[in-house]
Structure formats: structure tokens, C-alpha cells
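K.L.:
Quick one: this structure, given as C-alpha cells, is what I'll be asking you about.
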Amino acid sequence: MNKTIIQMLIDSDSEYVSGQNISDKLGITRAAVWKRISKLKELGFEIESVTKKGYKLISYPDILNKELIEIGMKSDFIGHSVEVLESVDSTNDYAKKKAKELVDGSVIISLEQVKGKGRRGRSFHSGKGDGIYLSIILKPGFEPTKAPFITSIAGAALVNTFNKFNIQTKIKWPNDVLINGKKVAGILTEMSADMEFIEYIVLGVGINVSGLEFPSELKNIATSLKLEGYDVKKLSIIWQFIYEFELLYNLYLNENTSEVVNILRNNSSVLGKQINVHYMNQIESAIAVDINNQGALIIKTQEGEVKELSSGEISIR
């Protein structure tokens, strides 16, 4: 019920919500509504109460704990089971260890990652309190060949999330989100599967929110929302991202990829540009031409050959 009240107050767009409306929605008395509002105030929600007008949400705490995160979730199933950790080596590694016992849509969040990681074993800077470090456990019914598109869904969901806060971002295929050419968020998708069956997928997302300092090797390529002049609460980002991801994920479960692909195309940092494709032992120059309906990058080499990249490492020349 507290969750419903918070959603009503947030959705009211800073207008008052009458106690009677809340009472009718929840099927409880006005006195019971008042008690629940009082409980929310104890949790740190600043709620203004005015006779004959009702209740208005003034502000809420930006504290990443299980109760606050779950209260604001707008999704239908992702994020309804949340575990919040003080510190962990990597939320993805932790999620993989617990994936068998956790339900589909479970979310792991840590205030800090000691060994945060990105693709190809690279580290992901994860200072305590500086960002959002989360992993989502998914147990879809589709075959393993469809798993790479989860990264595309996450990228599109991040763009939609940032748009809600008037933050313009670009996607550097396949798994980085940029502001002004610098990385503000990264995605790492891992899975356990055999040839025909996915046991689980772990989607890891790291967002640089409030950090002001980066290691010397990252200063020219990484940024945070705060460094770019944006002040957005971590809770708000988590709530919105989970909501946006679930919407697009449900479309994919119903064989619809067009929405995600359109977002990727319209917000790409690489399409139409000269790029280098990094293979194990060589680098190939090409032009990024398109993103197809499976989320693969279509490139045209200097020799005129058209290729499809379903994964890989690229850099803009």
C-alpha cells in the first residue's frame, strides 16, 4: 500500500492528492491513510499535508536501501525482489552465484564494487556512493542465440531513462552510453546456458552518477552526471530504468525488436562514422552503416565488403 501511495504522489506532478482519493484507491479509511503517510515520513519522505487539499510529495531521500527502492518500483515483475549490499566484488559475480535460488527479475544493487568489471575483463570504476551498480537476473524461455539482444535492450532503456530527466545521451555500440563523447554508463551481459537452454542471464549496469574524480587513465574518457551538470537522485534513476527496461524486454519476449532498434539507430554515436573494429589479432577499418533488427552492427570495410557484427570491440577513428 505504501508503494501505491508513493506512486500516486509522484504521478501527481507536485500537485496535491486528496486523502479521499488515496482512501478510495486502497480501500482503507482516511485515518489509515494518515498513518501510512506518517510511516513514509519516518522513512525520510517529505510530504506536505494541507486540510481540504490533501498530500503533496516535496522530496524523498536518496538512500539506496531495500525498502525505499521497492516502494518506488513501477515495474510489474522486475525489481520486486531486491537485495542491497554495502560492498561486493562485482554485482554480476554475486548475482551469478545466487541466480539459481533467486526468482526471475531479481535485482542486486551494491553501494560499491571492489572489482567492478566491464567487457573483456576490463575494470569498471565503482567508487562507494558515486554511482548505481546493479545486476538483473533474467530467466527467459528463448534460446541462447537471442541473449545478446539483452544488451541492446539495456542500452535503449538507459537512453529512455536519461531522456526522462532531459539528459541527452548516445549509445556507443554495443554497450556504452555517452554524454558529450564520454562514458557515463556501461552494460555487461553474461549468461549460463547450454546449446538449447538458458539457465539464467545476468545483466549488469553501471551508471556514474555523482563521482567527481576518476583514475588518471579514465579522466579523458569517463564522466558522471554530476560532472556534466545534472543533479538526479539515484533512486529516481533506478526506478525509471527498471521500468523502461521491463517495457522493452516484454516487447522482445513477444518477438518485437523494432522499438529497441529504432532507439539504437536514432541515438547512435557511431552510425555513419569511420571506425576501427578490434579483433583478437588485428584491427579493421570500416564505416558503421546500420544496426539491424537483431541489434547487430552493419559495417562496410575499406574493400567494400559488408559485414555484420553481433558483438565486438570498436573505436571511432
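Quick reminder: no glycine exception, Cβ is built from N, Cα and C everywhere.
Pulled the feature table from TrEMBL, pasting it below:
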{"type": "DNA_BIND", "residues": "19-38", "note": "DNA-binding region"}
{"type": "BINDING", "residues": "Ser90, Thr91, Asn92, Gln113, Lys183", "note": "biotin binding site"}
{"type": "DOMAIN", "residues": "67-253", "note": "domain 'BPL/LPL catalytic'"}
K.L.:
Mind checking which of Ser90, Thr91, Asn92, Gln113 has the fewest other CB atoms within 10 A of its CB? They're the binding-site residues.
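P.N.:
Counting other Cβ atoms within 10 Å of each of the binding-site residues Ser90, Thr91, Asn92, Gln113, the minimum falls on Ser90.
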K.L.:
Taking DSSP states H, G and I as helix and E and B as strand, how many residues of the DNA-binding region (19-38) are helix, strand and coil?
P.N.:
17 helix, 0 strand, 3 coil
K.L.:
Can you check what DSSP calls Gln113 (biotin binding site), collapsed to helix, strand or coil?
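P.N.:
Where Gln113 (biotin binding site) sits, the three-state DSSP reduction gives strand.
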K.L.:
On the Cα atoms of Ser90, Thr91, Asn92, Gln113, Lys183, which are listed as binding biotin, what is the maximum pairwise distance in Å?
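P.N.:
Taking every pair of listed residues, the largest Cα separation comes to 20 Å.
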K.L.:
Under 8 Å between C-beta atoms and at least six apart in sequence, can you list the same-chain neighbours of Lys183 (biotin binding site), or say none if there are none?
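P.N.:
Sequence-distant Cβ neighbours: Lys172, Asp176, Val177, Asn208, Ile221, Ala222, Thr223.
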K.L.:
With DSSP assignments reduced to helix, strand and coil, which class does Ser90 (biotin binding site) get?
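P.N.:
In three-state terms, Ser90 (biotin binding site) counts as coil.
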